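J.: According to TrEMBL, the protein carries these features:
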- B:7-27: transmembrane segment (TRANSMEM)
- B:59-78: transmembrane segment (TRANSMEM)
- B:128-146: transmembrane segment (TRANSMEM)
- B:158-180: transmembrane segment (TRANSMEM)
- B:223-428: domain 'ABC transmembrane type-1' (DOMAIN)
- B:227-249: transmembrane segment (TRANSMEM)
- B:261-283: transmembrane segment (TRANSMEM)
- B:410-427: transmembrane segment (TRANSMEM)
- B:462-484: transmembrane segment (TRANSMEM)
- B:521-547: transmembrane segment (TRANSMEM)
- B:521-711: domain 'ABC transmembrane type-1' (DOMAIN)
- B:559-578: transmembrane segment (TRANSMEM)
- B:584-600: transmembrane segment (TRANSMEM)
- B:690-715: transmembrane segment (TRANSMEM)
Amino acid sequence: MNGLKTGSVVFEHVRKTFGTFTAIHDLSLTIEPGTLVTLLGPSGCGKTTTLRMLAGLEHPTDGRILIGGKDVTMLPANERDVSMVFQSYALFPHMTVIENVAYGLESSGLRKTEAREKAEAGLALVGLAGFGARLPAELSGGQQQRVAVARALVLEPQVLLLDEPLSNLDARLRRRVRTEIRELQQRLGFTAVYVTHDQEEALAVSDRIVVMVEGRIAQEGPPRALYESPASSFIADFMGEANVVPCEVVGVEGAEAVVRLGALEHRVPGRAARPGPAKLAIRPNAIRLAPADDGGLKGLVRHAAYLGDHVEYEVETEVGTLYVVDPDVERSLAATTPVAIGLHNRGVAIITA
Amino acid sequence: MEHRDRRVDMALGLGLAGFVLLPWYRIDEGFYAFRWPAQFPFGAEEAPALVQMAAQGRWWLAVVAALLLAAAAVRFAAPAVSRGRLLVALGAAGMAFLVLQGFAITFGGWSWDIGEALFGPLATGQPAMGAGAVLVGLTFLFLFSAGLAEQGVMKGDFFVIAAIALLVALVAVFVFYPVLSMFVGSVQDFDGSFEPSGFMRNIRDPAIWSLDCVIGGGRCGVAWRTLWLALMTATGSTVLGLAFALVATRTRFPFKKGLRLLTVLPIITPPFVIGLALILLFGRAGVVTTFLSDLFGVEPGRWLYGLTGIWIAQMLSFTPISFLVLIGVVEGVSPSMEEASQTLRADRWRTFWHVSLPLMKPGLANAFLIGFIESMADFGNPLVLGGSHGVLSTEIFFAVVGAQTDPSRAAVLAIVLLCFTLSAFLAQRLWLTGRNFATVTGKGDGGVHPALPRPLAIGVNALVIPWTAFTLVVYGMILVGGFVNTWGLDNSLTFAHFERAFSFAFRDGSIAWTGVAWDSFWTTMMIALVAAPLTAAVGLLTAYLIVRQRFVGRNVFEFALMMSFAIPGTVIGISYIMAFNLPPLEMTGTALILIACFVFRNMPVGVRGGVAAMTQIDASLDEASLTLRASSWRTIRHVVLPLLRPAIVAALVYSFVRAITSISAVVFLVSAKYNMATAYIVGLVENGEYGVAIAYSSMLIVVMLVVIAGFQLAVGERRLRRETRIAAPAAVRPLPAETIKEKIA
């Protein structure tokens, strides 16, 4: 299992239309070998279509797709060196677990005994040794999910595709399985393309994240860069919630910029901003609420909700209503309390786009 | 790249075999008699294309050879970029050329003058296409598909493209070509020349269109009589069907299970059997007739022979079908609607009249149209009971086999009949689209249906109970009839009829089948057994393509298939003999034509069942299989088919049973060598041998009951096992209601 070939993936100006509807507009993307890249976006953004084109389940209208340097654009799914884990797992209900895992090996022309041996090894890899004789329906959701992963992995594909692999699991299990997938990927070193609409999941597992909106790539980069330097207000809000408010860049000092937000001035990483009007993305936990006479930006608490480990506030200010998360649960501010608003250094980013 | 090379190589190999190793033309005594290898390859009839071309002056076959060689050259020499396009062009050219030469050159040489003008007269013509020609045709089709696959059409899936191309070709040859031939045949003379006078004479024939029964004293034309009968039958069977459905679902009728068994009857009853039983009851020598004439001293009448008799027989035949359709409709009305109505102060009568019934309207329209089409297409009952008052389907038959053979008249009558049924079919489609008050929703729908209003409950029971009794008597007659000497004259019991039909003896250590029925019985079984798996295969493959693949013209394809439902069997029969009696395709008098007829007549049922079953199977299972390196073919074999097993069994049973019971198309296509049971029984009836006929019919019914029960048992068992092994797989009903709804005699 350790000899997994790793492969790069290249999309070159790929376009996909369904009738008059354009699902993907001119997508170009390079995925480095051995990395786990997440396609992230709201439903209907084209991320699953992109994955299916990589699998060969859809063919692009225009453009080229290369896997491991080889043009596979017109190759049918069964002749590509990729395999896929489906959202519904798509385990064949009439075959036992071992038959499911051996299916792809037998399709590739392996002899039955050999395929069985490899399949057993694959099941052991995902911690399901000894479950081979069961039917998929006799396994729990998490176990089914691991069978689906084993079934895809035993083929030692250049690229493993995962289409929302965790969406049918409950929240607790989801966290565990995603760690398992990430560990497996890092241990075996294969390239993986992972589709999800859950930004937390994307942040947790990815080497790089590709955010897609309406058939286009909105931003691409390592998780941290996306979270800390969102390119647009959409990304800022989609990658964890953010208050996006208008501001004024009053000065640029080296790598930093000074922005003014009402009566409040604040230093942020400059991101090539030029003086003039801009937007500021502020994470809810980057806002500090203080007694009203503290100066700064004035606000009025409209609504407060106690949530155990933090309190959520809606604060009305002259730049708009801000959503605030305050870890200080001891001090609970009631509605209609006037407050002064300050900002932490982290969690505030200027948006030029 | 090896996949694409291998399939082109295989296609070319097929082409070579077809051109060099098999007789190019049709062998008169039959290919499967396998007497042709003795004369191969130099017999005039048996020679392959190569010899035909070189030694027998059939130079046009050189074009086929040239196209095949060109394909081979493209396979090895063309650059990958243009290879696909070239293969598509060559494949299309090959198919087009084969069709063209088949029509252009027949027995006597050129069939159109333009050929002679261009290429000069031919020394020799050619007979119909044979095994070699068919194989080469397939080769071109495969080359065409391989070319498309290389261009990335249908995601480069050769199997899917080839399957679509093959199905389109088959449907074109076996459904559309015959119907077209019939249209052409209506304006042709015996020798094939254009002669519209027969068409003009027949289309204006007062015997077809006269309205004398309305405005004068005479009789109406056969078209109007058929229409009138169809309207009456549709109305009657819909009302009765609704009554049955209401009794079965909304009352505390004690024998509901038994009522539902009625719905199996029309599937296993050969269509003329009801008419036959009615003759035994109400004919001039019938039991009831003689009893009444003895009692009251009245002269036995002939009232049964004519529209009245046909109407009663059709009502008996089609009410169960209507019942089956309407059970679903009545059960589909959401109880919460009716409960809502009741909470709004409506009494039971008002609820039924203003809520339940309007919600059932689309279903009622559907049942009405099915009854209409069934009645139009019915051939068996009018043949047995029609007497001199024929309907369109029987008139067509007599125009072909009667004293004055008039193919043009048969074609015109068939066209009229086709117009009626197709209009009904289109009306049904138009009416039903967007008008479906889909009251069965995914949400759990609690509540109970209110009881029927009292007067209505009494009314439906008053309809249902006598009618059920009547049906039972009729079927009783069928089962008992075979054991009675001569109905009306000598009611003593006897085995004579069964002996005459099914006797056998042991002679010289082997069984001698001495009964008169065995011949046609074994032929029927053989043909049904061959046709059933083919029907299921073609039907389910089509269903797979329709549900799982997106391709240009898919909707048209599906619609055309479903439309072939509405083509009455008589029309199919007449169109088959018109299409397949002369080159390029000659099949009359063979078993092949019977098999083709069954496959393409019953295929739509397989398609329906397959579509219903396949939509319940998650498409990602197929996709998973594809990404696991399996080809489409492997996917179908290992994933789709195992999950479709119940639908397969249903399609098999249905096509087997239908091949045994159908008569309308068969009666045109049987020959002395290949006679079918139903055609043989009709012959018996025409000779007045009612006893043997009914004995044979009851035997058929018993055989089919055994077959259905056997299959049902097998399916039931399998489903049980699946349910115990797997929590909740999509359970597919063995015979989906829609399947039987679409049954058309």
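Glycine residues also receive a Cβ, built from the backbone N, Cα and C atoms like all the rest.
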J.: Would you call the transmembrane segment (B:410-427) and the transmembrane segment (B:59-78) in contact, using three or more Cβ pairs under 8 Å, pairs 6 or more apart in sequence?
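T.: As far as Cβ distances go (cut-off 8 Å, pairs 6 or more apart), the transmembrane segment (B:410-427) and the transmembrane segment (B:59-78) do not touch.
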J.: Name the range, of those listed as B:59-78, B:128-146, B:462-484, that has the largest tally of Cβ pairs under 8 Å with the transmembrane segment (B:690-715).
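T.: Stretch with the highest Cβ contact count: B:462-484.
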J.: For the transmembrane segment (B:559-578) and the transmembrane segment (B:462-484), check the count of CB pairs under 8 Å (sequence separation 6 or more) and say whether it reaches 3 or more.
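T.: Between the transmembrane segment (B:462-484) and the transmembrane segment (B:559-578), which are separate recorded stretches, there is no contact, as judged by 3 or more close Cβ pairs.
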J.: Are there at least 3 C-beta pairs under 8 angstroms linking the transmembrane segment (B:261-283) and the transmembrane segment (B:462-484), leaving out pairs fewer than 6 apart in sequence?
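T.: Yes, these stretches are in contact.
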J.: Flag the pair the transmembrane segment (B:158-180) / the transmembrane segment (B:261-283) as in contact if three or more Cβ pairs fall under 8 Å (sequence separation 6 or more).
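T.: Taking Cβ pairs at least 6 residues apart, the transmembrane segment (B:261-283) and the transmembrane segment (B:158-180) are not in contact, as fewer than 3 fall under 8 Å.
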J.: In the same chain, which residue numbers or ranges, 6 or more beyond the ends of the transmembrane segment (B:584-600), come under 8 angstroms Cβ to Cβ?
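T.: Residues packing against the transmembrane segment (B:584-600) from afar: 26, 30, 99, 102-103, 106, 127-129, 170-171, 173-175, 523, 526-528, 530-531, 534-535, 538, 564, 572-573, 576-577, 655, 658-659, 662, 665-666, 669-671, 673-674, 676.
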J.: Which listed range (B:59-78, B:128-146, B:261-283) shows the maximal number of Cβ pairs under 8 Å with respect to the transmembrane segment (B:7-27)?
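T.: Per the Cβ count, the answer is B:128-146.
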